[in-house]
Structure formats: structure tokens, C-alpha cells
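Q: The structure follows.
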Amino acid sequence: MNNVTLHTLSALKQDGKKFAVLTAYDACFAQLVSNAGTEVILVGDSLGMVLQGHDSTLPVTVEEMAYHTRCVASGNQGSMLMSDLPFMSYATPEQAMLNAGILMQAGAHIIKIEGGAWLAETITLLAERGVPVCAHLGLTPQAVNRLGGYRVQGRDESSAQQMLDDAILLEKAGASILLLECVPSLLAGEISRAVSIPVIGIGAGAQTDAQVLVLHDMLGITPGRKPRFVKDFMSESDSIAGALQSYGDQVRAGTFPADEHGFA
Ligand code: KIV
Ligand code: NA
């Protein structure tokens, strides 16, 4: 695969073509995910739950994100590498610049931060300094204590309008990508059409420009009850490489997610 850049992703959106995103936290899986043609690899702070066994993403540090970003960068074969800034590492624009610098030097091509309008200034400052930003809206897991649990967001009219307004504002502030997590499918579609930057969805229905899943979830490794938006691609495949390929194929064909994976 040729190196995937922001230009690649916006051209896909303009052509009405969908792209695939998966998490990875180590070199070996990064190589498999990348070789499957997955356009973007996310080094998510979900590693706090998936790798470290915590019950939230809050304990994850910038140093840990930098370590896993280096691991993934060394296995990556041309995917765009996105890394999460973890909880409280971008509480001020100054902290965001310092910590984004650490992740970019570890090998990230773009950083992701969770929140709405309050991030506008941070996003502008980062973009001006050469750091592309993905803004994560909807269910923002770093705010789980404030949200009172992992719940679908934007269900009433005023919070839906707020999310749409935030999306437009953050695009204007200089965000390069948006990510919507656990948002009603119709609202996610509306937001995706209202902005010209690519929108990645998880639990956000089929109308976003791209999809992301946690690697261990889509391989059926994660113990316990699987969330509604997760599909186990390993159960219909006889190899990990095959499961990764079929995820990408189904995302690009628009057959994953199906209605049953979304929220009304
Ligand atoms: O940390 C992560 O894996 C994420 C995705 C679930 C979007 O932020
Ligand atoms: Na995350």
C-alpha cells in the first residue's frame, strides 16, 4: 500500500468511498493490519483496558502511548498512524502541544483528542504547528465519570444540535478528521454530510465516511458481553489475516455496519 495521507482520505470522501480503521498496539499486529490495506491504524488509549486490564482509559500515560506508538510505527507498512492523547494530557493548549510533540516524535502522523467546542483553540494551535488533529465526539470514554457510564450520546434534540455545532466549529478550527462514538445513526450521517473532513464512526451507523473497531473486539478475543456495534470477523474466517481483510472489504462495500450494529 502507498503511504496513506490526509490527502488520500479526503479524496476518498470526495469520491464517496469508505475507508477502514482498526486499533493496534504492537508491531506484529500493526504489520498484519497494515498489510490488510487498512487505511488508518489507531494506537488507542483503549490499550488501558485491552492490554493493561483497567476498567477505563483514565490510567494511561503519555509515556505508555509513546511506547506503543513506537511499537506500531515499526510494524506499520504504510497506513496512517493515529495516536490518542490520554486523559488530562491536553487539559491546556500548552500541555497538548508538548504531549502531541512526544507522540509525533514516537511516530504518529495525527493525534486524537476527545471533546467538543472547548478544544477549538488547542486544535488551531496544533494544526498551525504541523500536528493534524482528529476530534473525538459523542461518547468520549475519558469523560466516563462525567457522563455517568458508557452511554449513547446525542439522543435528545439539544445534545444532537450541540454535537453538530461542535463538529462544524472544530472543522473550522482546523481539525483534519472527526470521530463519532456511540451516536444515533441518523445524527452521525447528518454530521458526516455537514463537514467536508472525513468522519470515522464506531457505534455510529453506516453513513459515516469510515469505520473503526478495537482490534481485539473484531477478532473475538475480548472477554465478556460484546457491545452492539461490534462484529466478530474471526468467526467467519479461518485466519487473522482473513478476518482483517474481510473487515476492510465489508467497510468499503458498506455492508458493515448493518442496521443491527447501530443506534436509532
Ligand atoms: O482508544 C480507542 O481505541 C478509541 C476507539 C474506540 C475510537 O478511541
Ligand atoms: Na481512545
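Cβ atoms are placed via backbone N, Cα and C, with glycine included.
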Q: Report the candidate from K13, K17, K112 that shares the 3-methyl-2-oxobutanoate site with D45, S46, D84, as recorded in TrEMBL.
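A: The candidate from K13, K17, K112 that TrEMBL ties to 3-methyl-2-oxobutanoate along with D45, S46, D84 is K112.
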Q: From the centroid of the CB atoms of D45, S46, D84, K112, the recorded 3-methyl-2-oxobutanoate site, which same-chain residues not already listed sit within 8 A by their CB, in sequence order?
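A: Those within range, site residues removed, are L42, V43, G44, L47, T57, V60, M65, S83, L85, P86, H136.
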Q: Could you check which of the binding-site residues D45, S46, E114 have their CB within less than 6 A of ligand 1?
A: D45, S46
Q: Just jot down the residues in the same chain as D45 (3-methyl-2-oxobutanoate binding site), at least 6 apart in sequence, with C-beta under 8 A of its C-beta; none if empty.
A: T57, V60, M65, D84, P86, F87, P141, Q142
Q: Counting Cβ neighbours within 10 Å across all chains shown, tell me which of the recorded positions D84, E114, E181 comes out on top.
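A: The most densely surrounded of these recorded positions is D84.
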